[in-house]
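Asker: Feature annotation from TrEMBL assigns domain 'Autophagy-related protein 16' to 45-167. The coiled coil annotation in TrEMBL covers 50-183. If you look up TrEMBL, you'll see 220-261, 262-303, 304-346, 355-387, 447-475, 476-508 marked as repeat 'WD'.
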C-alpha cells in the first residue's frame, strides 16, 4: 500500500540524513583540528564553513517539509483507495449473489423447458394420430357425399318426372278453365251495367255496391316498424297484411282477430299479391326475393330469386294463377312462372318501377315509374306498347278498375289521376289540400263498384273522392302516423288502411 511505501521512503530519507551527517562530521574533522590553532587566524575560515553548513541545514529542512507534505497526500490517497476497494468488494459480493440466483433460475427454466419439450412431443404424437383419423373421416365423408349426390340426382330426376306430369295435368286443367270461361263470356257480358262487372269471376258471390266508409270498426296493431302493404282475398272479408317485421298476417275483419301468421320472409314486405283462387300469397321483399306461401299449409312453396335489389311491387295475373310479375330497384321487371318457380322474361328499363299490375286479360303489364310515366308492356314479347307522362314526380301506386277500363295512378306530386286503359287518355284528376303522399310506395285504391277513390296522407288522414262528382265525399281520421296503403274489399266493404306505425284500421 501507499502508506507502507511512504514510511519506507521516510526511513530511507532518515538513513540518508544520518549518513550525510556522519560524512559531514568526517568532513568537519579538520575544523576540530584547527581549533587548536589560534582563533584569529582561523576566524574567517570558520565563518565561511558555518554559513555553508547553515545553508545545507535549511535545504535539509525544506526537503523534510516536502517529504512530509507528500506523505500526507499519499496517506489521503491510500484511505480513498481503501474505501473504494471496500465498495468494490461489496459490489462484487452482490454480483456474486445475483449470479447464484440467476444460475438457480436458469436451472429451473431448463427443467421447465425439458418438461415442455416432453409435452410437445406428446402433443405431436397425438396430432399425428388425429390427423390420421381425420384423413380416414375425410375419405368416409367423401364417399358419403358421392353416395348422397347420387341419391339426390336420382331424387331430382324423379321429382322432375313428377313435375312434368304435374305440369301436363295443370296445362289440361287451365285449358278446361279457359274453355269454361270462354263459354261464360256471354253470360258475364249480360251482367255488365255501365261498364262495371257485378260479378268478379264465374262461381263468385255477388258483391254489394260500395258505400262511403265513415266509422273505424277495428284498430289492429298488426306489425312492428310499419305496414306497407295490405289486400283482401278475392270475394272475402279476410285481410292480408305485410310489414317491416318480415311477417305476413291474415285477419278476420269482422272480428279483427288474427287467423294466420306466415313466416319465412327474409326482409321487409313492400308489396303483396294473391292468386285469384286464394291459394297462394306472394310477397315482394327488401331482401331482393319474392316469397310464395301456400295459404292452406302456411308454408313457403317458392322463393323466387333473380332480382339484384329490393323488390317493391308484385302482381298476379287475373286470368291465370300461373303468371306473376314483379318490379325491383335494379331497373328490371320480371315475369315468373309460378308453377315452375323461375323467371320467363325480363324487361330492362332506365327508370325504376315503383308499382305495377296486370290488365284484366293478363296480356299487358301496367307499370308506374320513378320518372313519373305510366307504361304498358306486352307480357309475351316484353315490348313497350305505350306510355304517358302521368305525374311530374315518381308514381307510387297503380290500381285497375274492376272492368279493367280505368287505371288509377298516384304520385309524389300529391295528385291522383284516372286514365283510359286502352288509349291512356286522362279522364280525371283528384287532389285535396293537406293530402300528401307519404312514400314512394303509398298505395291508393278504387272501390269495387268504381265509384270512389281512397288515398292516405302523410298526416294520417284518408280522403275519399267520388269519381262521378270529382270531389271529396269523406275524410277519415284515426291514424296518427302517415298512411301507406289503402285497399277495398271486393264485397264492397270494408275499406282497410295501414300506416307507418304498423296500425291497420278497417272502415265501414
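Quick reminder: no glycine exception, Cβ is built from N, Cα and C everywhere.
Provide an account of the burial state, proximal residues and distances for the features listed.
Answerer: Across the domain 'Autophagy-related protein 16' (45-167), mean pLDDT in this model comes to 88.
Long-range Cβ contacts of the repeat 'WD' (262-303) within its own chain (Cβ-Cβ under 8 Å, at least 6 residues beyond either end) map to 201, 225, 228-231, 233-234, 236, 240-244, 246-250, 309-316, 318, 321, 324, 326, 328, 336, 338, 341, 355, 441.
Through the fold, the repeat 'WD' (304-346) approaches residues 163, 166-167, 170, 174, 181, 267, 270-277, 279-280, 282-292, 352-358, 360-362, 365, 367, 377, 379-380, 382, 440-441 of its own chain, all at least 6 residues removed from its boundaries and within a Cβ separation under 8 Å.
Mapped onto DSSP helix, strand and coil, the repeat 'WD' (355-387) counts 0 helix, 20 strand, 13 coil.
Residues 195-196, 207, 209-210, 212-214, 401-403, 406, 408, 410, 416, 418, 428, 430, 432, 434-438, 481-486, 488-492, 495, 497, 499, 507 of the same chain lie 6+ residues outside the repeat 'WD' (447-475) yet bring a C-beta within less than 8 angstroms of a C-beta in it.
Same-chain neighbours of the repeat 'WD' (476-508): 200, 205, 207-211, 213-232, 234-237, 239, 241, 243-245, 251, 253, 256, 438-439, 441-449, 454-462, 464, counting only residues six or more beyond its ends whose CB sits under 8 Å from a CB of the stretch.
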Asker: Near the repeat 'WD' (220-261), which residues from the same chain, at least 6 beyond its ends, have a CB less than 8 A from one of its CBs?
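Answerer: That would be 200-201, 204-205, 207, 267-274, 276-278, 281, 283-285, 293, 295, 298, 439, 441, 443, 484-485, 487-491, 494, 496-506.
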